[in-house]
Amino acid sequence: MGMSKCRGCFGYPLSIFFIVVNEFCERFSYYGMRALLILYFRRFIGWDDNLSTAIYHTFVALCYLTPILGALIADSWLGKFKTIVSLSIVYTIGQAVTAVSSINDLTDFNHDGIPDNLSVHVALSMIGLALIALGTGGIKPCVSAFGGDQFEEGQEKQRNRFFSIFYLAINAGSLLSTIITPILRVQQCGIHSKQACYPLAFGVPAALMAVSLIVFVIGSGMYKKFQPQGNVMAKVVKCIGFALKNRFRHRSKEFPKREHWLDWAREKYDERLISQIKMVTKVMFLYIPLPMFWALFDQQGSRWTLQATAMNGKIGAIEIQPDQMQTVNAILIVIMVPIMDAVVYPLIAKCGLNFTSLKKMTVGMFLASMAFVVAAIVQVEIDRTLPVFPKPTEVQVKVLNIGNSKMTASFPGMQVTLPQMSQTNDFMTFAGDKLTSINISSPGSPVNVVTYNFEQGHRHTLLVWDPNNFQVVKDGLNQKPEKGENGIRFINSFDESFNITMDDKVYVNVTSHNASEYQFFPSGVKHFTINSTQQIPQKCERNFQSSNLEFGSAFTYVIGRTNISCPELHIFEDISPNTVNMALQIPQYFLLTCGEVVFSVTGLEFSYSQAPSNMKSVLQAGWLLTVAVGNIIVLIVAGAGQFSEQWAEYVLFAALLLVVCVIFAIMARFYTYVNPAEIEAQFDNEDEKKNAEKMNIYCTTPPVSQTQM
């Protein structure tokens, strides 16, 4: 049995197994930590939404910028294997530091459950995140290129399949971690005080990173390791600079033209390096339009999740929270990658079409652009169902009668009559300056004038219970509740105030004939208890349950009194629940995922196959750089263009990507595929010939100096 035989498995080198497992653990670790980050910033450190989001995006952008550093270290100094090992150690330390930063008892000296010195936690978590960004970014370009290195010449098919499996591992890792880590977070733990278990949730990714490192090192004996070949990047930059300078010096007519601008570097650099740089610059030029794809792709996490908050998450028997919709992408990838590889591509080949890498990438861009057209259509559907909120110059009012007699309220130009315990069907909208006189009356009693300074741009509720008594409440909700939760407020029609506990939230001191603030709850049936001292007789029931809450609604719960002075519950709807089903988001996720499978897997493989042997990591880093630039585009566009309509923004993005897609298709027409290995083999042959000739001359002539060579 030869060495090659025992190291192979299904025609793949055995070492691939270790690399794929390593990538799976690493991605699990990274996405698991990332899923927690925003919540950790908001709830543990206590930053507001904007600061949390800004720091989060900065971290993500950093993770895609550091690959350049990793590629430089790997291709010019340590080689891929040592780079992966050393940066994984940095990464593991970073994960551990972040986990430690979330231990509440670290600075909680008085054991009250609140850290006494927050700056220690902030400093530790920032150091941890910086190390993680360096680690994850630095390994990224090396691991995929190192995997590609394990294949022999003539194993192109297996190598392409490897990039698919590799991509599958990435998504399986991210899928499992986005499901598992939030479950760990809701566990309770702590030495002196119990609370959400961030150290456990951050600690599991850290442990997995250590596992990933160990798995990778165990396979050490089987890998094909290539020696780094000096500082490639510096050579490339110098060579390009020299070519440009030289071209500029010889710009006049008398000098003959050269077929490629890089040929002007011939005077100083050898043909081999120049031809390698030509390969790299050709690919880099093709990369220019790509960030637009990532700009759309990365909005699943932000814009599409926000879209889901205005939708109804009941799909059949299961209920989905808006931020769980993102897992649809990872689930679909795990399904689609094998289908594409085993079914779709072979079918296209059978039909006699040559579906080249660049054609695949063009199709991927087109699909992503269509996904955003679908998202815009869904958004229009949602907008149809949204309630009308007041414009900045308007005031909205509704009347709620919590008394025992019939009441009439008259507004400018309209009059409403309400029986006991009822409200007007909708909010009535008035121009802010027109709402001058409101009168309330009931049969057989004088008219009473309501004087109140209504705040423009807000909703108000006018509570009435007898002709002489009224109360105006500013609602404070002028949009749908966030994250698809449901707002509930209580109105107390007893003469004394009491507390109400609902789930784990307390409405403190709901005063007589007045409304509490809204508090927000996820979907489902909630139980609440009225805690009152005097007025409610002992025999009365104090425990009640809410109606079945759906998504994005708001209710007013009036605690009325029965004739024996017991509390009873009356429910009034303020904002109707979302009606558009979240399942309607599946088509856009499907299109985007198909686009991603065709675009991203192919891009990884194309970047590898078109790069000369000493610049594989550099091109992988170039590929990852397009992702970073895409993230930056989102930040700019979202910041600059404040659209009044969300669907218009989707349409704009779709149009931009379509234009870019057409440009890319034209650029791809003119690209000629190369086989770096063949070209390098030609140079090797020429070198051998030259060396043979040199050996013959060597006997007769003095040694040739280094510079002439």
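Each residue, glycine too, has its Cβ placed from N, Cα and C.
Annotated transmembrane segment per TrEMBL: 12-33 (among others), in sequence order. Long-range neighbours of the transmembrane segment (12-33) within the same chain, counting only residues 6 or more positions beyond its ends whose Cβ lies under 8 Å from a Cβ of the stretch, are 6, 63, 88, 91, 95, 98, 132, 136, 139, 143, 146-147, 150-151, 158, 162, 165-166, 169-174, 176-178, 180-181, 201-202, 204-206, 208-209, 211-213, 215-216, 218-219, 222-224.
Residues annotated as transmembrane segment in TrEMBL: 53-72 (among others).
For 84-103 (among others), the entry in TrEMBL reads transmembrane segment. Tertiary neighbourhood of the transmembrane segment (84-103): same-chain residues 26, 29, 33, 40, 44, 70, 73-74, 78, 120-122, 124-125, 127-136, 138-139, 142-143, 146, 198-199, 202-203, 205-206, 209-210, 212-213, 216-217, selected by CB-CB distance under 8 Å and a gap of 6+ residues from either end.
Sequence annotations record features per position, and here TrEMBL assigns transmembrane segment to 123-143 (among others). Remote same-chain residues near the transmembrane segment (123-143) are listed as 19, 22-23, 26, 30, 33, 40, 45, 59, 62-67, 69-71, 73-74, 80, 83-84, 87-88, 90-102, 617-618, 620-621, 623-624 (criterion: CB distance under 8 Å, separation of at least six residues from the stretch ends).
Long-range contacts of the transmembrane segment (164-184) within the same chain: residues 16, 19-21, 23-33, 35-36, 144, 147, 197, 200-201, 204-205, 326-327, 330-331, 333-334, 337-338, 340-341, 597, 600-601, 604, each at least 6 residues beyond the stretch ends and with a Cβ under 8 Å from a Cβ of the stretch. Among the features that TrEMBL reports, transmembrane segment is placed at 164-184 (among others).
The transmembrane segment feature in TrEMBL is assigned to 204-223 (among others).
As annotated by TrEMBL, transmembrane segment applies to 330-349 (among others). Proximity of distant same-chain residues to the transmembrane segment (330-349), defined by a Cβ-Cβ separation under 8 Å and at least 6 residues beyond the stretch ends, is recorded for 161, 164, 167-168, 171-172, 174-175, 178, 355, 589-590, 593-594, 596-598, 601.
For 361-380 (among others), the entry in TrEMBL reads transmembrane segment.
TrEMBL lists 621-644 (among others) with the feature transmembrane segment.
Positions annotated as transmembrane segment by TrEMBL: 650-671 (among others).
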- Note on the structure: Per the Cβ filter (under 8 Å) with a sequence gap of at least 6 from its ends, the transmembrane segment (53-72) is approached by 30, 34, 37-38, 41, 47, 83, 87, 129-130, 132-134, 136-142, 231, 233, 617-618, 620-621, 624-625, 627-628, 631-632, 635
- Note on the structure: Beyond a gap of at least 6 residues from its ends, the CB atoms lying under 8 Å from the transmembrane segment (361-380) belong to 292-293, 296-297, 304, 307, 580, 584-585, 587-589, 591-592, 594-600, 602-603, 606, 646-648, 650-651, 653-655, 657-658, 660-661, 664-665, 668
